[in-house]
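Chemist: So TrEMBL has the following annotated:
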type	residues	note
TRANSMEM	12-32	transmembrane segment
TRANSMEM	44-70	transmembrane segment
TRANSMEM	91-110	transmembrane segment
TRANSMEM	176-194	transmembrane segment
TRANSMEM	231-254	transmembrane segment
TRANSMEM	274-291	transmembrane segment
TRANSMEM	303-321	transmembrane segment
TRANSMEM	327-355	transmembrane segment
Amino acid sequence: MMAQSDGQYSRRRWLFTILGLFLYVFDIWTDIGLALKYFQEGHYLWSGLTVMFVLTGLLVTQVFSCAWYWDDMSDALTYPERETTIQGLSKCELAVLHVCGIGIFTRYYLLLKKGIDVIWRPTNADTNEEKEVEHKKLFCMATDLSMLKLFEAFLENVPQLLLQIYILLGHDKGSAMQYLSMAFSFFSAAWALVDYRCCMRRSHPDIREMSSGLPTAIYLLYKVCTITSHILSYSLLLILSIYSTIALTVIWLLGTTWTHFLGTDFCKSRSLEMLYRAVIGVILMFTFFNVKGQNTKGEMTFYYFFYSVVNVAAPILLVFLKPGLEASTFLLVVIGLIFGGSVLGLVCLVMYYLFLHPKRESDEVDFASPGVVKETEATETVAMERVRNFLQP
């Protein structure tokens, strides 16, 4: 049996995949349960918004998942030595699974099933090269899944947190189901961030994989603190005026427009590319992502300057425009979390990129196009190409 190394898909990674599936299922279950509770209580708007975020994340991830499968199979038609099905599933069968909303579960099933064959029941007859190819395929499957989970985190988990915090702070409507939904949304988003980061770094040979120790902890703390404090600030703005949704829409449009002018070419079709840019616009509402392989120190500095302005302005506006609200102990705690989270998050950001960030010659990207770089190995799959191209300058 091969020794488990950083170059192989380990049993620990396989078990973590099960943990990710557990979080995904229970996150959806608690959100649907909360929506039903709101509906029974007559809060139809809250129920509708809760369901809308679940369906948005589900729909968008199904679209990208099916498109990526079809891209892989189309490429297989170009290279006759490759299979024209995905583990026995044809294009039509995959389309049906995704229309039924179980495309992500299909990916989990195929990844876990192949993991059992490769890392739990390996055969000694395989050569080292064949084993390396099988482990590389596992990383391809895991990284595609982690990308989809990241999309889902910012389309469903993070907006869901914002909605539930707004309801909790502005309407004093806390319940056990609401707290449970918020907890699973929070942990699902945090897990998606770290899992994607680790998979992304593992997929590129020029960058050392991010250590699971201090670098991962600092990176997670940086992301969790900055995103959480930003969500809390947005919730305070919504409490001040429901018309703050217009400002949030403008921020989304600015992020989407910036992504458009960068000229991203992540998708093969223009319609999917526009959807991708809209998704990146949502992500940029809450955290910075480098979508092109260029030096982004200036853009990141400007982004977090704007982030700091919002996090400082929201509590100040609350104090001056609604002086009766800031006396609430809970709101005082929220304001403290905003300031504390902002400072801690920015400190962790600086620490990570100064001391813990694995180096390479050019800036890495968080997203990029799937068609820029040619294959470097005959055994490399299209999924690996997609991930490798995320990191090209």
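Here, residue 1 is simply the first one shown, and the rest follow in order.
A Cβ is built for glycine as well, from the same backbone N, Cα and C atoms used for every other residue.
Unlike curated entries, TrEMBL annotations are predicted automatically.
Help me understand the surroundings of these features in the structure.
Modeler: Long-range Cβ contacts of the transmembrane segment (44-70) within its own chain (Cβ-Cβ under 8 Å, at least 6 residues beyond either end) map to 28, 31-32, 34-36, 38, 86, 91, 94-95, 98-99, 101, 103-104, 107, 144, 147-149, 151-152, 155-157, 159-160, 163-164, 167, 267-269, 272, 275-276, 279, 383, 386.
Residues 17, 20-21, 24, 58, 61-63, 65-66, 69-70, 73, 141, 144-145, 148-149, 152 of the same chain sit 6 or more residues outside the transmembrane segment (91-110) yet have a Cβ under 8 Å from a Cβ within it.
Same-chain neighbours of the transmembrane segment (231-254): 158, 161-162, 165-166, 169-170, 281-282, 284-286, 310-311, 314-315, 317-318, 321-322, 325, 334-335, 337-338, 341, counting only residues six or more beyond its ends whose CB sits under 8 Å from a CB of the stretch.
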